[in-house]
Amino acid sequence: MQNCKKDSKNLKKKLTKEKYNKMNGNASRPENENSTEVEDYSEEFPDFKKVVQKKVSRLCSQEGLYRRFPVLKWLPSYKTGYIIADFVAGLTVALTVIPQGIADAALAGLEPQYGLYAGFMGCFVYFFFGSTKDLTIGPTAILSILTFTIVAKLNADLAVFSTFISGSIILGLGILNLGFLMQFLSVPTITAFMNAATVTIASGQIRRLLGISSGKTNQFVDAWVNLFTYIEETRWQDTLLGVVSLVLLIAAKKWSMRNKKSLGIRYLSISRNAIIVFGGILIAYICHKFYSFQPFLITGEIASGFPSLSLPPLSTTNNGTYYNFSDMLSTLGLSTFSLPLISVIEAVAIAKSFNRGKSLDVTQEMIALGLCNIFSSFVRSIPITGSFTRSAVNNASGVKTQFGGIYTGAVVLLSLGLLTRTFEYIPKTSLAAVIIAAMFTMMNFGEVMTIWRTKKIDLVPFMGTFIISLLFGLDMGILVGAGIDILMSVYRTSRPHITYIVDDMFLIIKPRQNVIYSSAEYVKEKIIKKINENDHLKYVVIDGHNMCWTDLTTIKNFATVVDDCNLVERTVYFWNWVDEMRNGILRYDPKYKSVFKYSESLKELTEMLRQEDEKFITNL
């Protein structure tokens, strides 16, 4: 605030008074308040025709096409030297997405092939519409655990339906340029949700890590209840393989962090998920083929071949009951809103983290994500979004452009046609280890201390989101967190901080933020209360430096302050109010024109009022 004041003073010295007033929206105010010139303070309506023409012309311009189709901008400048880098990155990401996709399908309570269906179409669509080269679109553990509740309500058709609905909502929000709505989610809320998601997902995988097949659930409380209920079903072979796999995954990650300069170690770490999974496949296959026994619980049969291209299921039948579009939509319940919300949170947060130093077009990312989900629903995909793990692998592999996604999608498609028989031998405990290891990298409980040190009140949305997410589910948690953020924001705007200065017969009042309809009555009550506490006051000066926008409720309340003070022989002045505020009050009633005062400093104003007061007394 001090720096702003210094900058303002320096600016006044450099500019003429006329130019300074023009910059601050005061150019239309006459210098001589006693001038007979008729002042125009009418409100101008926007020319909607010009606004629409401007929007259309921008959309049809080269810049607009580049913004909505980023591929048109980067593809013509694509260099042949990028081919190898993009291929290596795409292949490496594919080797990560295949085991993770199969694991995510298990998280969603679906057959393994659904995870692979979700792993390729998003890559192809993002190639055309995505603006961030590092971001990879596909299935994620967080969305899969939300999909699990959807599948439990009905069947796999509802999961594919949710992909289509979620994509449509995200696309609609992007087209309407409503990306700013994401700003209503605070960092503590998002951090709490991500931490709760990692804890919930990791908890749900403990039983698979131990080889327990009973008690299928992915909710935090139920996962631990089932674990202790069926603990006697623990299989030592699965436990041994799972624990060893988990230790190796974590060790490989730490090893690569300590040896960042070694290219071989880096690629070994990047491929660690694929190595662990294929190692488990090899052990399971050898035991089955040569020793005729299977020591582990394995994934089992996976439907081979490419998925058929068809419309997403807008109706379905389950246990002899027919569900039409509206029935399926109502069955989704809270997931109708939570799925697109969480999808956008994940994708935008990841894109921002890899877009350092560059501005991110959130609207375009929402459009791209929406289209990725819509097109993916045509190939029986579960909901998809940006994956932090695979985006990090993509970045570490040295990807140059979005072309890396084409290679990723192609490899996933090839695996569907050629490797599904091999994937049948994947031990479930290996997939559990892959998921748990990925969750370790996403946990960020150190943020709690940052919140405590920086702003303790932000622990309210953090704890609220975290606890509700663990106890009642992730979809409920993020919605409650968003509600807490909005309520706190509304409370802050409705209770602005006000500075009071009592100097002799003057009361100077300065709201520290803009006053709008939600805070107008509160500000009025505070002003009247302060006036009543100081009987000797004669002048009430309301400083308008921090107020730049108004509404009818605010105008009426300030007008009432003037009228009420006049009744008790106190004069109110609005000091240095911008034209937006001033003209609004004058449109309400021109009689308040004399209330507005302007001066270079508060001292100048008080001296002027004292002189006027002395003249008035002398004339009497």
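Here the Cβ of each residue, glycine as well, is placed from N, Cα and C on the backbone.
Residues or ranges marked as compositional bias 'Basic and acidic residues' by TrEMBL: 1-10.
Regional average pLDDT for the domain 'SLC26A/SulP transporter' (84-463) in the model is 86. Here TrEMBL flags 84-463 as domain 'SLC26A/SulP transporter'.
Look at TrEMBL and you will find 1-40 tagged as region 'Disordered'.
Only residues 6 or more beyond the boundaries of the transmembrane segment (82-102), in the same chain, are considered here, and those with a CB under 8 A from a CB of the stretch are 112, 115-116, 118-119, 136, 138-139, 141, 267, 270-271, 273-274, 276-277, 299, 302, 387, 389-390, 393-394, 397-401, 403-408, 410-412, 415, 423, 426, 430-431, 434-435, 438. Positions annotated as transmembrane segment by TrEMBL: 82-102 (among others).
According to TrEMBL, the feature transmembrane segment maps to 114-130 (among others).
Residues or ranges marked as transmembrane segment by TrEMBL: 135-152 (among others).
According to TrEMBL, the feature transmembrane segment maps to 158-178 (among others). If one looks beyond the transmembrane segment (158-178) by at least 6 residues along the same chain, the residues whose Cβ comes under 8 Å of a Cβ in the stretch are 108, 110, 114, 147, 150-151, 312-314, 316, 328-329, 331-332, 335-337, 339-340, 343-344, 363-367, 369-377, 380-384.
Annotation source TrEMBL lists transmembrane segment at 273-291 (among others).
Tertiary neighbourhood of the transmembrane segment (332-354): same-chain residues 131-132, 134-135, 137, 140, 142-143, 146, 149-150, 153, 158, 161-162, 165-167, 169-170, 173, 179, 182, 185, 190, 193, 360, 362, 365-366, 369, 373, 383-388, 391, 395, 474-476, 478-479, 482, selected by CB-CB distance under 8 Å and a gap of 6+ residues from either end. The transmembrane segment annotation in TrEMBL covers 332-354 (among others).
For the transmembrane segment (366-383), the residues of the chain that approach it from at least six positions outside its boundaries are 68, 104-105, 108, 110, 114-115, 117-118, 120-122, 124-126, 129-131, 137, 139, 143-144, 146-147, 156, 159-164, 166-175, 179, 307-312, 339, 343-344, 347-348, judged by C-beta separation under 8 angstroms. Feature annotation from TrEMBL assigns transmembrane segment to 366-383 (among others).
Residues 78, 82-83, 86-87, 89-91, 93-95, 97-98, 101, 113, 116-117, 119-124, 126-127, 130, 133, 136-137, 304-307, 394, 397 of the same chain lie 6 or more positions beyond the ends of the transmembrane segment (403-419) yet place their CB under 8 Å from a CB of it. Sequence annotations record features per position, and here TrEMBL assigns transmembrane segment to 403-419 (among others).
What TrEMBL records for 431-452 (among others) is transmembrane segment.
Tertiary neighbourhood of the transmembrane segment (464-487): same-chain residues 142, 145-146, 149, 184-186, 188-189, 192-193, 195-197, 199-200, 219-221, 334-335, 337-339, 341-342, 345, selected by CB-CB distance under 8 Å and a gap of 6+ residues from either end. Annotation source TrEMBL lists transmembrane segment at 464-487 (among others).
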TODO: Quickly jot the same-chain residues contacting the transmembrane segment (114-130) by Cβ under 8 Å, restricted to those at least six beyond its ends, or write none.
DONE: 68-71, 97-98, 100-106, 108, 136-139, 144, 156, 159, 302, 307, 364-365, 367-368, 371-373, 375-376, 378-384, 402-403, 405-406, 408-410, 412-413, 415-416
